[in-house]
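The structure appears below as structure tokens.
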Amino acid sequence: MALNLRKNHPLLKTINDSLIDLPTPSNISIWWNFGSLLGICLMVQIITGLLLATHYTADTSLAFSSVAHMCRNVQFGWLIRNLHANGASLFFICIYLHIGRGFYYGSYLNKETWNIGVILLLTLMATAFVGYVLPWGQMSFWGATVITNLFSAIPYIGQTLVEWAWGGFSVDNPTLTRFFALHFLLPFVITGLTLVHLTFLHETGSNNPLGIPSDCDKIPFHPYYSIKDILGFALMLITLATLALFSPNLLGDPENFTPANPLATPPHIKPEWYFLFAYAILRSIPNKLGGVLALAASVLILFLIPLLHTSKQRSMTFRPLSQILFWILVTNLLILTWVGSQPVEHPFIIIGQLASFSYFMIILVLFPIAGVLENKLLNP
């Protein structure tokens, strides 16, 4: 009994089945590393966030000063803050690569796992948004004002909804305190959803680059992939440390070093880089409600991807037309990200509109057509 505690103990057995004796396809590549990297990101963010929360004051008159005090007077406070701010960027880099992997290799056909994953993405976006408001700089304040204001586009109940979310008639102290409460709560919701995500994944087992069943050729997760994952951890943590120590403000907005002032609007309000693609889609539609719907659709479209799969093959490994479309889509998203960071003037408006149209066109129309064409090419 003592020798096999790992396999018999009710709690250790679950951990063993998920991380040690888990049967894993023998041919999964480094692209399958991002799930565990996201787990590390979540742990880093919760630990650094908890340490920051012990010194932070969620009050409009003190929030900005409390963050400044943390960086100046708290032991290694500057490092904890920089790790937390840049950890969010790495979190989004990993999740976008993880989703891209799922899209390329057809992992979305594990529908339950995929749908929980999309809900995880939405929760992460909500967490990052409310977190960005907490330092109470100019971009925090105006970002919160602009994005929460979008809910007023909802017919009939919009304005009431926005004032209810604000806790008043503008973004003010009640907004900041509730955003802090939400920012503290949501990472634990993400942790819970992650466990559900893993539970669904382990029902079917991992997909692999060929997109074919791999039951006949499975290897234990430990030591093979536990060792392989450590390489990913090292690379990611080195990247995070480099970013936090050498250029901590590279991905931030200089406007946020100015305390929030409701009487002075920044010349160019924009979110953090990881929301720019959605922001560009929002801005490319002149109508407020239309823009909000397009913004929501840009992320919610992920729920439709399993339904739009027309190919007889699961993975894109042997589907050249879909591969070309996939990389066009990636480029398109990079263009949207760039356009979102630019001012609203001549060339950028039309580029944003074309890129937004192509984004929906590629996913909703061209991918299903390419799948049907590739089926025809298989059986001419």
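Cβ coordinates are placed from backbone N, Cα and C, and glycine is handled just like the others.
Per Swiss-Prot, the features are:
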| type | residues | note |
| --- | --- | --- |
| BINDING | H84, H183 | heme b b562 binding site |
| BINDING | H98, H197 | heme b b566 binding site |
| BINDING | H202 | ubiquinone binding site |
| TRANSMEM | 34-54 | transmembrane segment |
| TRANSMEM | 78-99 | transmembrane segment |
| TRANSMEM | 114-134 | transmembrane segment |
| TRANSMEM | 179-199 | transmembrane segment |
| TRANSMEM | 227-247 | transmembrane segment |
| TRANSMEM | 289-309 | transmembrane segment |
| TRANSMEM | 321-341 | transmembrane segment |
| TRANSMEM | 348-368 | transmembrane segment |
Within 10 angstroms of H183 (heme b b562 binding site), Cα basis - binding-site residues out of H98, H197, H202: none
H197 (heme b b566 binding site) to H84 (heme b b562 binding site) - Cα separation in whole Å: 24
Contact check, the transmembrane segment (289-309) vs the transmembrane segment (179-199), 3+ Cβ pairs under 8 Å, seq sep 6+: no
Closest-packing stretch to the transmembrane segment (227-247), where packing means Cβ pairs under 8 Å, from 34-54, 78-99, 179-199, 321-341, 348-368: 78-99
Separation of alpha carbons, H98 (heme b b566 binding site) and the residue listed as 'ubiquinone binding site' (Å): 17
Alpha-carbon spacing, H84 (heme b b562 binding site) to H98 (heme b b566 binding site), which is rounded to whole Å: 21
Helix, strand or coil at H84 (heme b b562 binding site) [DSSP, three-state]: helix
H84 (heme b b562 binding site): tally of other CB atoms within 10 A of its CB: 20
Close in space, distant in sequence - H98 (heme b b566 binding site), Cβ under 8 Å, 6 or more apart: F34, G35, L38, G117
Tertiary contacts of the transmembrane segment (78-99) (same chain, 6+ residues out, Cβ under 8 Å): 31, 34-35, 37-38, 41-42, 44-45, 48-49, 51-52, 67, 70-72, 117, 120-121, 124, 128, 131, 236, 239-241, 243-245, 248, 251-252, 272-274, 302
